[in-house]
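Reading through the C-alpha cells given below for one structure.
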C-alpha cells in the first residue's frame, strides 16, 4: 500500500516570484512609481491598462512617457507565467492551459465557454497540501503558495482571451490546484481585485465568484467576516466522519459537524446559498444510506441555503478510484432531493483533456 501523503498547511517559502503590480496596494504602487520619478496620477493610467484594457506590457501603454515604459515594465510587470501547453476540447469551448512559472513550477487554469457565460477555473497554490487520495494535485503535494499577482494574472489572461473573441469573462471559480483558504490573505486580496470596478479591478460581480475549500472551518468563518458575497463551495464528498477522515484528511482536524456549522455561519453572514461539492466514487461514497444521510445533515444544518453539486469523478491514471455509474448517480440525486435539498450533476467540461485537479501538471511532471 502506498504511503499516505501528509497534510501540509504552511507552504514552503521558496520560489515566490518578483513583485508584480497586482501584489501591491495603491500606497506601495505610488511609492514604486515615485522611485521611478513618476507622479502618482500615472497609477490610474497603469491600472486602467491592466484591469480595464487587460494589458500587461507597459511598452504598449502609449500614455506613459516613452522613456519610462521599460522602467515600469522592469519594476512592476515581471513575466509571472508562460504557457507551456494549451489544449482545447468540447468543440473548442474548453481551454486548459498549463503555465510554467518563473521558478519552473507548474500551474493550471481552465477556461470554459457556455452559451450564456464563460467561467474560469483558477489555481490558488502550486500543488496542494490537503492530501485527498482521489485528487491528482493532492497526491502530488504542495510546492508553494501562489502570489497575488500569479492568481490575478490568470484572470487577466482569460479575460483578454474572451475580449479578443468579442466576449466577456463572467465567472471565476477557485477550484483549480490548491486549497484557497490555506493561502487566505492572497486569495482574499485577489478576489477584491477581481471584483472591484475598473480601475481598481476587473469588475466581475462577487456573486459570480466561487471560493472552494475542503473544510478549513476557522478560515470559513473568517471569510464570512470579510462581508463579501462570493459563493462558498465546500468539498464534502461524504457525510460521515469515518470515511471523510480518509477521503478528506483535514476532516481529522475539523469534522463534518464543525464544517457544516461554519458553512451555516457563512450562509447567515453573507445571505448566500452554500454549494456542497460531492465527487461520486464507485462503491466508496455512492451508497443509498450516504445519500440519505447527506440530505438529512445538510437540511438540518443549512435549511434552504444549500445546494449539492454532484461531480462524476474524473479518474486519475493509475488510481483505484473510479466514477459511479449513471444509474447510481441518478438514484443518489433522487434521494438527496427527497430529503429537501436541491441536488444537480455538475457539467464535466474538460474531462477528456484531463482538466480535473492537477492531472495535466501530473502528466507533464511524469
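Every residue, even glycine, has its Cβ placed from backbone N, Cα and C.
The active site, proton acceptor annotation in Swiss-Prot covers 108 and is backed by sequence analysis.
Under the heading domain 'Radical SAM core', Swiss-Prot lists 114-352, citing sequence analysis as support.
Taking the Cβ of residue 121 (disulfide bond) as centre and 10 Å as the limit, one finds 26 other Cβ atoms among all the protein chains shown. Taken from Swiss-Prot, the feature disulfide bond applies to 121-357, supported by sequence analysis.
The annotation [4Fe-4S] cluster binding site is assigned in Swiss-Prot to 128, 132, 135 on the grounds of sequence analysis. Cβ environment of residue 132 ([4Fe-4S] cluster binding site): 138, 139, 214, 235, 237, 247, 248, 249 lie under 8 Å away, each six or more residues apart in the same chain.
As annotated by Swiss-Prot, S-adenosyl-L-methionine binding site applies to 178, 179, 212, 235, 236, 237, 314, with the evidence given as sequence analysis. In the shown protein chains, 24 other C-beta atoms lie within 10 A of the C-beta of residue 235 (S-adenosyl-L-methionine binding site).
Positions annotated as active site, S-methylcysteine intermediate by Swiss-Prot: 357.
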**Asked** By the DSSP assignment reduced to helix, strand and coil, which category contains residue 237 (S-adenosyl-L-methionine binding site)?
**Response** coil
**Message:** Please identify, among the recorded positions 108, 121, 128, 135, the one with the smallest Cα-Cα distance to residue 212 (S-adenosyl-L-methionine binding site).
**Reply:** 121
**Request:** Specify the nearest of the recorded positions 108, 121, 128, 135 to residue 179 (S-adenosyl-L-methionine binding site), where nearness means the distance between Cα atoms.
**Result:** 128
**Asked** Just checking: which of 108, 121, 128, 135 have a Cα that is within 10 Å of the Cα of residue 314 (S-adenosyl-L-methionine binding site), counting only these recorded positions?
**Response** 135
**Nearest-integer angstrom distance between the alpha carbons (Cα) of residue 236 (S-adenosyl-L-methionine binding site) and residue 135 ([4Fe-4S] cluster binding site)** = 14
**Asked** In terms of Cα spacing, which of the recorded positions 108, 121, 178 are within 10 angstroms of residue 128 ([4Fe-4S] cluster binding site)?
**Response** 178
